[in-house]
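Notes for the one structure printed next.
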Amino acid sequence: MTISPENTLVWTGVLTYVAIMGLAAVRADAWPGRGLILASLLLGAAIALRWVRLGHGPFINLYEILLSNLFSLGLLYALARIWLPRLRVADQVVLPVLLLLGAWLLFVPALDSHFPPTYETPWLWVHLLSGKLFLAAALIAAGLGGVLILRRLHLFSTEGEASDTEVERLAWWWLGTGLVFHTAMLVAGAVWAQDAWGRYWAWDPLETSAFLTWLALALALHSRLTWRIAPMTAGFLFWGVFSLAFLTFFGVPFLSQAPHQGAI
């Protein structure tokens, strides 16, 4: 990776995540959240420099998608943490995921990209914003689900932060919120596809994976209404949904030869 102001900001932002991990291990107060905002500002500055240089947002290649999602996930989790201080209980699960994304980002070449003509549509922004809000909601639900699992396994105790009942209730709420944003993402993506390529849906690998994630979300929420779900089982459901979402965002688009037919 070439040394430049952009890359220096990226490295500093990721190293800030490392510091936040250490801070959250010893204190569950407002300071880790402030650190998350600082890291997000550093990554946001890197995105701004790249945007000015290339003339488009970080939406095309793997480096850009990792960078933009690390920025949005960190910022949205920090804001949610301020809005609902009870979410601090999930720090020890959510922060390692963010750090994993940051480490991955540092090992991906920071290649320049070009903006396809098919991306010149306002529906792209609705699609992207909905997707980022969905992924953040799914991450928070998975973080809370991880707390439920780890408590059952007696791997660490966070009993003083929030009760299991409250943690589970919050996790289901965030999963339901994720379904709303995921639905908006699919609808906006379909309208965009119709404008760009003359079809709403083509069942390419990315669209199929996105639909399977939506189906998993809906089935998980339906199971809560139909059966009595044990907290540990609920935790695994949350992680199953987030794992599918993670694969959809960061795996399928770059394993498939045609993530979105005609996109590039």
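Cβ atoms are placed via backbone N, Cα and C, with glycine included.
TrEMBL: automatically predicted annotations, no manual curation.
What TrEMBL says about this protein:
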DOMAIN    60-258  domain 'Cytochrome c assembly protein'
TRANSMEM  6-26  transmembrane segment
TRANSMEM  35-53  transmembrane segment
TRANSMEM  65-84  transmembrane segment
TRANSMEM  93-111  transmembrane segment
TRANSMEM  123-150  transmembrane segment
TRANSMEM  171-194  transmembrane segment
TRANSMEM  200-221  transmembrane segment
TRANSMEM  233-255  transmembrane segment
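Listed as Cβ neighbours of the transmembrane segment (233-255) (distance under 8 Å, sequence separation of 6 or more from its ends, same chain) are residues 62, 65-66, 69, 131, 134-135, 138-139, 141-142, 144-149, 152, 168, 171-172, 175, 178, 205-206, 209-210, 212-213, 216-217, 220, 223-224. In summary, the transmembrane segment (65-84) lies against the transmembrane segment (123-150): three or more C-beta pairs, each 6 or more positions apart in sequence, are under 8 Å. The stretch with the most CB contacts under 8 Å to the transmembrane segment (171-194), chosen from 6-26, 35-53, 123-150, 200-221, is 123-150.
Highlighted: of the candidate stretches 93-111, 123-150, 200-221, 93-111 has the greatest count of Cβ pairs under 8 Å to the transmembrane segment (6-26). Here the domain 'Cytochrome c assembly protein' (60-258) returns a mean pLDDT of 90 for the predicted model.
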